[in-house]
Amino acid sequence: MPTINQLVRKPRKSKVKKSKSPALNVGYNSRKKVQTNVSSPQKRGVATRVGTMTPKKPNSALRKFARVRLTNLIEVTAYIPGIGHNLQKHSVVLLRGGRVKDLPGVRYHIVRGALDTAGVNDRKQGRSKYGTKRPKG
């Protein structure tokens, strides 16, 4: 246990928190071709590959994912939530943070109902997370 005098001379250092979605913390100046230190809640990108992958051990499924090149020229893997999607190569998508626990290396989610991504059809509950409009009637 340090004395108060020792703490006055050399204070405690706080731990540096590591970001869980680092690609959202980088901007890009296309005029100067240099990366900038600008954080954003979402980022736009272009899908370079759309496919399925299998989850880690106790689970079994075919999870839909897209490889996305962001506007800051970083390429990341993002999960496509919901049942069915209309994404293909060269689709423009909006990305948010949020990992998928049983898919290694997937730290981002694609926002449904934004840009080229359509909302989930015939969804009645939890619609806002899947970009679905309120049903008529």
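The backbone N, Cα and C atoms fix where each Cβ goes, and this holds for glycine too.
Residues annotated as compositional bias 'Basic residues' in Swiss-Prot: 9-20. Residues or ranges marked as 3-methylthioaspartic acid by Swiss-Prot: D102. Annotation source Swiss-Prot lists region 'Disordered' at 1-57.
Secondary structure at the residue listed as '3-methylthioaspartic acid', as computed by DSSP, is coil.
Taken residue by residue, the region 'Disordered' (1-57) breaks down under DSSP into 10 helix, 18 strand, 29 coil. Every protein chain considered, the tally of other Cβ atoms within 10 Å of the Cβ of D102 (3-methylthioaspartic acid) stands at 15.
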